[in-house]
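Notes follow once the structure below has been shown.
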Amino acid sequence: EELVLSSWLPPKHPVVTQVMTPWAESVEEATEGRVTVRILPKPLGPPPAHYDLAADGIADITYGLHSFTKDDRFLRSRIGQFSFIGDTATDASKAYWDVYSGPLDAQEEHADTKLLGLFVHGPGMFHNNQRKIETPEDFSGLKIRTPGGYIAGLSQDLDITTQFMGPGEVYEKLSRGVIDGVTFPMEALQAFKLTDHIKYSMKVPGGIYNTSWFLVMNENRWDGLSDEDKAAIEKVSGAALAEMAGRVWDAADSNGASYVADTEIEVYDAPPAVVDAIRAIAEKREAEWAAAVQDTGFDGAAALAELRSQTGVSD
Amino acid sequence: MPDESTQPAPSRLWLGVKTILGLACVIVLFALMGLICVDVVARYFFNSPIRGAYELTEIFLAVLIFLALPLTTQARGHIEVELLNGLKSRFLDSLATVVAALSTIGVFAILSYVVWEHAEKLASRGTVTNSLELPLATIGYLAALSCALSAVLFFLQSLRRI
Amino acid sequence: MIESLIGFAALFGLVLLRVPVALAMIMVGTAGFAYMRNWSAALNLLGGAAFDTSLSFTLSVIPLFIFMGNLLTISGVSQSLFSTAHHLLHRMRGGLAMASIVACGGFSAVCGSSLATAATMSKVAMPSMRKAGYADSLATGSIAAGGTLGILIPPSVILIIYGLITEADIGKLFVAGVIPGLIGVLFYLAAVYTAVLLKPQLAPSGAEDHQVTRRDRLGVLAVLGLFIVIMAGIYGGFFTPTEAAGIGAATALLIAVLMGGLTVGKLFRAGVDCAKTTAMIFAIIIGAEVFSNFVSYAGLPDAILDWVTSLDVNAYVVMLVLVLIYVLLGAVLESLSMILLTVPIFFPLVTSLDFGSGILSDPEMVVIWFGIIVVVVTEISLISPPIGLNVFVLRSVLPDVPLPTMFAGILPFWVADLLRLALLIAVPGLCLLLL
Ligand code: NA
Ligand code: NA
């Protein structure tokens, strides 16, 4: 049985070459060749369409970001987007899979698909070319590209003007002064060639934000597999995939960090006053989220505490 | 040949539709141009770009396309290839006319249906744009209506040519 | 693999039956995807593609650059460009054909479309050449060929679409088009020179001078100014390409107002015309998206990549084969759909090639260079029989000139194009010098 995977990242992106391709091979191996996964050379739609490509059966398997589309789905997935959730992608991804797919019943939010995997990238950082952020007031008036969702709201509360655009447009807009900076993990500075246009990169313990990713399969195709193959695929997915993806992101971040070390960019840890200001807003936003999650019958606050205790950033 | 006196009603209606769509296209085109210029000025002189300019640009483009699509289709403005002119066969010529007309009407009718379905899905999920939170389903409905109108106009035009 | 070939055959069949190209691609792409998978998936895919493709930030430059060209057509700067070139070149044999080429090159600097460039210039250049006793073949040939420069000299709709498919920087693509565009003008001038040298009866030995008016000088200055605003804006990092398009269109409006003759009615028609062209272009983009999804699902790009890799030949040999395929395809395919259908298939192949240690050792440079090569082969396709859209444009403006005469007039320019193509492949630096 051949399953078709639609992939929207560039074919040489580490998530394709070091996560999706090895995962596809491990599926074939685990099912002794009964199930194969073919990665298409060209995606069947734009990145934001990818969840629905699998849900609607246009493709069998897709991956993507929960924050791609702004709608009523995936409320509980946002636990993976908050500040201070993990110092490494590996720890945070494992905890994210454990908590979101466990107590927060991620499968229920992934309607019409079988949820195969969840992961996050490395700790999100704050990069800009205007000034070193030393007090919370330094954020004020900066024009920053954010991926939307939690970090967009957090930034607005810090008096930042947020701008939304595709990640591919960041270089162009940064070099033309349309934006002053961007929130990204470390690896993106090299991946998107931003090092000439960034001067200050601020680290926040556990990350100022993160981005949550899914790997899903069309539900009907999943139901059509034998129980033996389902078990084999589940074994190489889930927690195993979270760990594999986390390691790839961590490696990308450490490559990115040594690349950035040779540039003029000043990489520094956020001063306590800045962390405190972020924490104050984060707590407010987390409480709002937990209340909304409460309405769907889940305990968001407990889940977030559990996630942080697993990654060791709880204090 | 239809009698001249039977013509005015549909063609006056068409003239009205054409004028309204044309006017709407020009307004959206100017809005798109104005949005970009004002955004540049706001950025360079006031350091405050327009919120949601990115998604407004996308929306203006989509609206422009779907307002203009019936006009293009009615004016037979889609690129087609005239190779059969070399073959002087009347049969082939009529066959081509019928196949092309049926294909055009059929494709736009199907497009209208599938885009409407897509819009329904967006509506049921409550999908909105990133900054301004505008409902995306609205554009889907507009696109579906545009494809339906294109099919109808092309059908009427083909009837008149026969 | 075999499904893809059947799909292409069905596409050609429908196109020959005069089904609009965009709709033929939608039909075959949807039916093919349904055959490979199922109808529900195919119809869902179609709905999503039509919706998502139209909501594109990058492609918003298309209506703006088209509007800019339409406004400049109204303003009459095409006449100014031709009159000035006429004045400069009238003493040469074939001078008016050369003036047409130069004026086409100038208009290309403010118009993103080859068809619009050819249509606009034919209205001003053709009457003068006829009056001076030029052979119809040379006259139409020079305008049809000169018009192709519209997509190479920036701004260019085709380069924008190439940038969208390959995620290449559109600003860099525009900059890369400048020198090959100027080489194109020079080679076309040489083509005219050679043609009249071999066949002096094509053109009189000289023509009456043309008085250059103040208005003409203003028109030339306006074109030059607008081009500088756009290119310096992009090159100097002041504007993104989208912003350059918006500012460019607004400036063109200002030029049209200042040059006089702009009425509300003309403005309305220019706007509606731009919207209709935009809808036509997007119908093709949507069709190509659906068709190439089917072809990709059917495994054609993978098969081609595997096959070429297994041949294990020099990168330049692969490029030559690709260019040959393009020239052949270009004869029978419409230009926009040719780019949209082939670039997703050939692009992964080209980026996997090893061009050695020169300027092409940088993968980003390969992307830009291939973009320019693709545009040049597209230019060739626009004047290649049997389906040469630029020739069709001239034919609709000049219905009394038979097609064979037009294609005969194209021949010297076609040869010039092949030579230019060979030069740009052999010396990639010509595309990449300004980057
Ligand atoms: Na141009
Ligand atoms: Na051709």
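Using N, Cα and C of the backbone, Cβ positions are placed for all residues, glycine too.
Now, the feature entries from TrEMBL:
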TRANSMEM  C:6-36  transmembrane segment
DOMAIN    C:8-430  domain 'TRAP C4-dicarboxylate transport system permease DctM subunit'
TRANSMEM  C:57-77  transmembrane segment
TRANSMEM  C:97-118  transmembrane segment
TRANSMEM  C:138-162  transmembrane segment
TRANSMEM  C:174-198  transmembrane segment
TRANSMEM  C:218-238  transmembrane segment
TRANSMEM  C:244-265  transmembrane segment
TRANSMEM  C:277-295  transmembrane segment
TRANSMEM  C:315-333  transmembrane segment
TRANSMEM  C:340-360  transmembrane segment
TRANSMEM  C:366-394  transmembrane segment
TRANSMEM  C:406-427  transmembrane segment
Best-contacting stretch, by C-beta pairs under 8 Å, relative to the transmembrane segment (C:244-265) and drawn from C:174-198, C:218-238, C:315-333, C:340-360: C:218-238
Selected stretch (most C-beta pairs under 8 A with the transmembrane segment (C:218-238)) from C:57-77, C:138-162, C:174-198, C:406-427: C:57-77
Region pair the transmembrane segment (C:6-36) / the transmembrane segment (C:277-295), three or more CB pairs under 8 Å: yes
Candidate ranges C:277-295, C:315-333, C:340-360 - greatest C-beta contact count to the transmembrane segment (C:366-394) (under 8 angstroms): C:315-333
Long-range neighbours of the transmembrane segment (C:174-198), counting only residues six or more past its ends (CB under 8 A): 92-94, 97-98, 101-102, 105, 108, 138, 142, 145-146, 148-149, 152-156, 159, 231, 234-235, 241, 368-369, 371-372, 375-376, 379, 412-413, 415-417, 419-420, 423-424, 430-435
Annotated stretches the transmembrane segment (C:315-333) and the transmembrane segment (C:138-162) touching (3 or more Cβ pairs under 8 Å): no
Averaged pLDDT, computed only over the residues in the domain 'TRAP C4-dicarboxylate transport system permease DctM subunit' (C:8-430): 91
